[in-house]
Ligand SMILES: Nc1ncnc2c1ncn2[C@@H]1O[C@H](COP(=O)(O)OP(=O)(O)OP(=O)(O)O)[C@@H](O)[C@H]1O
């Protein structure tokens, strides 16, 4: 498996309905050659479900099996990951975590338009108000790689994607030799795995 990646892995996350897929649709057009992983689809296509949550009306993902399938792909770099769950990926393989946020009235309208039943709408609205997805991200990754972007309007999508594209260009400039895919242990402060000065 690849020891280094020469393009970043980017997670686009957020409460269901906040705009992950809409944002990724535009982002993958702007980031040429990137592979896009909608994890709900990826889990289904790779037989990574381990059950069904009747209460939430959603599949339960076998995270170990998911990562077994996904890690070799993420080690190649240049990945866009679209999922409302963000705290299951190995920190050493993630370069940017974009947490999309959405105003509650907008989120209600979107989820209602999808025909979600009231309990599922309420659960997601509560999660968005509490900032659950953001909290998961800041607890799982270095704070400086977690970016919170508002996603209420179509203009927001365009400006958010532009910011991510700018970040990606800067990342490539700053990492001409890529970065290591390997775990560097708790005390290495050099993400490239080179001996620090
Ligand atoms: N920034 C935005 N401005 C206006 N409408 C938006 C925005 N983001 C998403 N939408 C609309 O909200 C709905 C849900 O968007 P989308 O499917 O991208 O959300 P999601 O976060 O991927 O949801 P899920 O996690 O359930 O797949 C879509 O109808 C989309 O057009």
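Every residue, even glycine, has its Cβ placed from backbone N, Cα and C.
All annotation found in TrEMBL is predicted automatically rather than curated by experts.
Per TrEMBL, ATP binding site is recorded for 17, 19, 20, 21, 22, 114. Classification of residue 20 (ATP binding site) by DSSP places it within a helix. If you take the C-beta of residue 20 (ATP binding site) and look for same-chain residues 6 or more apart in sequence within under 8 angstroms, you find 12, 13, 14, 82, 83, 84, 100.
Marked as region 'NMPbind' by TrEMBL: 38-61. With a cut-off of 8 Å between Cβ atoms, the residues of this chain six or more beyond the region 'NMPbind' (38-61) that come close are 21, 24, 69-70, 81-83, 85, 117, 120, 123.
Positions annotated as region 'LID' by TrEMBL: 113-123. Long-range Cβ contacts of the region 'LID' (113-123) within its own chain (Cβ-Cβ under 8 Å, at least 6 residues beyond either end) map to 17, 56-57.
Annotated region 'Disordered' per TrEMBL: 176-197, in sequence order.
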Per DSSP, three-state class assigned to residue 114 (ATP binding site):
coil
For the region 'LID' (113-123), what is the mean per-residue pLDDT, to the nearest integer?
94
Cβ within 8 Å of the ATP site centroid (17, 19, 20, 21, 22, 114 excluded): which residues?
16, 18, 23, 110
Do you know which of the binding-site residues 17, 21, 22, 114 end up with C-beta under 6 Å from ligand 1?
17, 21, 22
Three-state composition of the region 'NMPbind' (38-61), taking helix and strand from DSSP:
7 helix, 10 strand, 7 coil
Under 8 Å by Cβ from residue 17 (ATP binding site), same chain, sequence gap 6 or more:
102, 107, 110, 111, 114, 124
